[in-house]
Amino acid sequence: ATCDLLSGIGVQHSACALHCVFRGNRGGYCTGKGICVCRN
């Protein structure tokens, strides 16, 4: 969700990473399809 919502501003990867960090992951990234993928 974070990737699609902020894609127009160019901060989708940061929002996705923060979302993952809050969930206890080390970070995350957006796929080409706009899906946020968290790292373990």
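Glycine is treated like the rest: Cβ placed from N, Cα and C.
Swiss-Prot lists a disulfide bond between C38 and one candidate from C3, C16, C20; that candidate is C20. For the disulfide-bonded residues shown (C30, C36, C38), fewest C-beta neighbours within 10 angstroms: C38. Annotation note: C38 (disulfide bond) sits in a strand segment as assigned by DSSP. Taking Cβ-Cβ distances under 8 Å and a sequence separation of 6 or more, the neighbours of C20 (disulfide bond) in its chain are R26, G27, G28, C36, C38, R39.
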